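Q: First, the structure itself, so that you have it in front of you.
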Amino acid sequence: MNATATKRWDRIAWSKWLLFPAALLPALLLLQGALQNTLGADPVKALTHATGLWALRFLLLSLAMTPFRLWTGWTGFIRYRRMLGLYAFFYACLHLLVYLVLDLGTYWADLLTDIQKRPYMTVGFGAWLIMLPLAITSTRGMIRRMGRHWQRLHRLVYVAGILAALHFLWLVKADLREPGIYAGILAVLLLARLWPKRRARGTGPVGAATTSRK
Amino acid sequence: DAIPGLKTSPFSTTDALTSWGDVTSYNNYYEFGTDKSDPAQNAGAFKARPWSITVAGECEAPGTIDLEDLLKPVALEERIYRMRCVEAWSMVIPWDGISLAEVLKRFKPTSKAKYVRFVGLKDADRMPGQRWPVLDWPYQEGLRIDEAMHPLAFLAVGVYSRWLPNQNGAPLRLVVPWKYGFKGIKGIVRIEFTEKQPPTSWNDSAPDEYGFFANVNPAVDHPRWSQASERRIASDRSVFNARIATLPFNGYAEQVASLYSGMDLSRFY
């Protein structure tokens, strides 16, 4: 191992190596359920719902890292942010694929109508579309190359979060409680970013705020 | 215990049945919770007997009748019907019960009876889902009198030759196979003949999404999803089961389409 590689290895906390398989576990359990036909009466619906829920959960988790840092003062949270964000995109891709291939199947052309005609589908697809360039530009090299543009682009994750929460709220028939909880958590995570900024203005810069705010 | 002496019916479909397990554990009955597994989980303690039904409104013989007395004079029959949920999934269910028309005629509706209104039980102590105002309780449904008198319209007291499990609407529920499943009101306590179109729960809740008629119609989409196809709940529970096309009037067009001749079904959805 050369010097650079060793350094990089050091930088990657061992906890990330725990997080990686843990975050993959829901997908593996769903795959097992799909192969063994144990996903319930309407397995495709269950698969669509679960992958969508995990996408939203990981998106919220990635958005929680900055507030967690602000609340606890521990900067270590930030190192999980990219992996959580990429997992959100991974589950969003599974969600879209399950819907397109397993649910619509030969009716796949309906997707175009759905996206056009149905607002909850439009916002859901919009959220995925926004996450796509964020995932592509998540590498170290891209961060370096894009400079301050990178941060500007990645602020779009707030929009993705709002669209994802809206997608969930919009699809339920009458009971808004569950999507309401997720929307509430998102609101807290977004508002948490505004509050310390205002406070920081009075007391001077908060450490590393310019590089880790997201 | 099995229901004795069930007649078979020429109206029954030969489609493959949805399993007893899926029929009795995966359904909507918001009175017991909004998740499709909630009714089976929360309705166990519900007492469905004794049960009486009040029949009122534009009829010559109104009154309150015990369920046992309502069933006594008739031979129960089995009807294997397709059930198409407005959420775009479907089942094939062997219901046991009686023709709705047969029951209604006994109360001698007058010429003023243009509609039939159905009301479900309202009792938040026995139906925990009613503690939340997800819908304006009690659940209400309605049919035009000619729809209600159609031989396909059915009152179910059993499924799979057994008395209805609580989660499926015990002890008495409506089954209208050419309409979306939400028309099939459960736990009926009141039947009323009315001159005016009665209010119905889902129509009240979201009038742009759920109409009074709610006939299964692949050509008229729900504002938020297509109604052109459906996922049939199949016993193998495979994720590779393909969608099937939704048929006009859920495949019962031959029998019921004439009820709506001349009506613009995209307006009267």
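Just so you know, glycine gets a Cβ as well, placed from its N, Cα and C.
Please treat TrEMBL annotations as automatic predictions, because they have not gone through curation.
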Q: Per TrEMBL, which of A:31-51, A:52-72 is transmembrane segment?
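A: Feature transmembrane segment in TrEMBL: residues A:52-72.
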Q: With Cβ-Cβ distances below 8 Å as the criterion, list the same-chain residues six or more beyond the ends of the transmembrane segment (A:122-143) that contact it, or say none.
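A: Here the qualifying positions are 52, 59, 82, 85-86, 88-89, 92-93, 95-96, 115-116, 150, 153-154, 156-157, 159-161, 163-164, 166-167, 170.
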Q: Using DSSP, how many residues of the domain 'Ferric oxidoreductase' (A:51-164) fall into helix, strand and coil, respectively?
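A: Going through the domain 'Ferric oxidoreductase' (A:51-164) residue by residue, I get 104 helix, 0 strand, 10 coil.
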